[in-house]
Every structure is written in C-alpha cells, then in structure tokens.
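**Student:** Quick one: structure below, then a few questions.
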Amino acid sequence: MPDIYEFLPALHQGVWEVVIPKDLLTVPLGPEWKFSPINVPSHETIASYRNGQYHMHVTNDEYRIHLDRYDPEKNPFLHLIDDAPLVLMIYETLETLYITARDAKKNPGPDFIQDQRLTWKFRIILGIGLLTTAGILGLIALEQNTVLFSTLLPAMVFIGGILVLMNGLIMQRRNEYSRKDIMNGLLIIVGAILMSLLWVFYLAIILLILAIWFFGSAVVTIKRVLRDKTKIPQGFWLSMGMGLGSLAFGGLTIIAPDILLEILVGILAAIVGIIGFGFFMDGYGLRNAEHLMREHHQIQR
C-alpha cells in the first residue's frame, strides 16, 4: 500500500489539493502530523492536521491535503493574513452552516438518531441558550452598546481564570503538579480585571490587529488574483470579492470603527443564532422521533 507522502509531490507542481481515499492507505499518520484545533470551517471535515506547510482535512472517507504558503508555527502572522483572512473565515462558516442544514434536511431519520451524542432535551436547552446569546449580541450591535467589551468579555475571561485556578487547587489536594495552573489562573483573573478597567485600551489593540489583518489580507489576495487570475482555487470573482471585502473592512477600522464592530458583532450574533436554531430544531425533531418510536414499540407489543 502506498504511503501518504507518495501523493504529496503533486502539491509542489501546481495542484492545489490532493484527495486520497482512506482505503488506499494502511500506514497510520506519523507523529509529525499534529492535530490542528483551529481551522477555517469546511463541510464534512471531522478533524484537521498540520505538518509544516501541509494542511490535512479528514472526512469520513478521504484525506484532503493542500499546501499552505506559510507554516503557522514559523510564521503565524503571515499565515493568518495569507491563508486565513477573516472575510474567508466568515464566508466559510456561513457556507458550512448552510450546507450542513441542507444535508440534515435531506438525510433525517434513523441514521441521524443512531449517531446522536446529545439527548433531545439537552439539544433544546442548548439551542435556547444560544438563541438567547444571539439575541443579546444582536441588541448590543443595534444599540451600539459597549457592555460586550466592558463587561461580558472580561467576565468570560474572569470565569475562565476561576476554572483554571480551581483545577490547580484540586490537583494540589491530590499531590499532583498544580503550581502552573494556579499561577495561570491568577494571571488570567488579573488580566480580566484589567480588561474591565482598561477596556478602551484593549479594544484599541483589537482594532489595530483587525486593521493589520484586513489590510494585509486585502493586499495579498488582490495581488494574487491579478497575478494568477484563472489559477485560483476559489475562482476569480469570489477571491476578488474577498479581497475587496477585506479592504473595505480595513477602511472601516480607521474611518468608522464603531460601524465595523457593529457589523462583526452582528455577524457573530447571526452565526450563534443559526447554530442555536439548528440545535433547537434537532432536539425537537429527535423528541418527535423518540415519541414515534415508543408508539411503534407499544403497538408491536
């Protein structure tokens, strides 16, 4: 059976992505392939791995590997600008949510029920919680309220620090190594307090990072579109639109940062709302399916 590396030279000869059926490989991935927890969302991907510039998306039946221009470990900032523009991440997230919802409609029923990992009650509760969160974010965006940055984000960081600190204290009782967790928890808590007191300062830093990200992505994307034209995997017009979108968002960070924040928070609210609605409808559907299965079982008895 061929090794996975036998398929990769094509990536250095102009092929954007190689697709390898899992049935062709019997040799497991080596330790050089490191799990990648944060990726641009893509449909059907169940896990992602990186090996230098090689970026692998694993589906149920295939390994999909493409070549990033920059290794995120060696050049994280250039990788973020070139391979993961924020506009692309937003677009891919919405597209993935749409395709997932569409496929769920086409293939409901026993397979979905057998694969469920969460009960219908938990799905409904989680859906309601996410819809509520989306509503709060939407109101914050519409009313230009600063509570998200002055209170909610620092509070979330503070709670995270408390959890890390508690984990360290629990580990200490078990005579396990815990000093690092305790120190990290205390630092996170102090950071959360500073965020609450100096929220304007950290918001300015966020806007600066966003401006560099947007402008950098715009320059790289538009330059590549004009140079390569028909050789772009996403297509000329979509890539050009993303480049111009990044440029427009970058301009907003300087000209009207309040409008940019409203747009980004509004998009976040929409994404959270779509996910929440999906969980709620899944739970409701599973509830009905469970009742029908019980009725069918009672009739058979």
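Cβ coordinates come from backbone N, Cα and C, glycine included.
According to TrEMBL, the record shows the following:
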- 124-142: transmembrane segment (TRANSMEM)
- 148-170: transmembrane segment (TRANSMEM)
- 182-199: transmembrane segment (TRANSMEM)
- 205-223: transmembrane segment (TRANSMEM)
- 235-257: transmembrane segment (TRANSMEM)
- 263-284: transmembrane segment (TRANSMEM)
**Student:** Looking only at the recorded stretches 124-142, 148-170, 205-223, 263-284, which one has the largest tally of CB-CB distances under 8 Å to the transmembrane segment (182-199)?
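**Tutor:** Stretch with the highest Cβ contact count: 148-170.
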**Student:** Using a Cβ distance cut-off of under 8 Å, indicate which of 124-142, 148-170, 205-223, 235-257 has the most pairs with the transmembrane segment (263-284).
**Tutor:** 124-142
**Student:** Do any residues of this chain, six or more beyond the ends of the transmembrane segment (124-142), have a C-beta under 8 angstroms from a C-beta of it, and if so which?
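**Tutor:** Long-range Cβ neighbours of the transmembrane segment (124-142): 118, 148, 261-263, 265-266, 268-270, 272-273, 275-284, 287.
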**Student:** Other than its close neighbours in sequence, what residues sit by the transmembrane segment (235-257), given a CB gap under 8 Å and a spacing of at least six beyond its ends?
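**Tutor:** Residues 85-88, 91, 207, 210-211, 214-215, 217-218, 221-222, 224-225, 229, 263 contact the transmembrane segment (235-257) from elsewhere in the chain.
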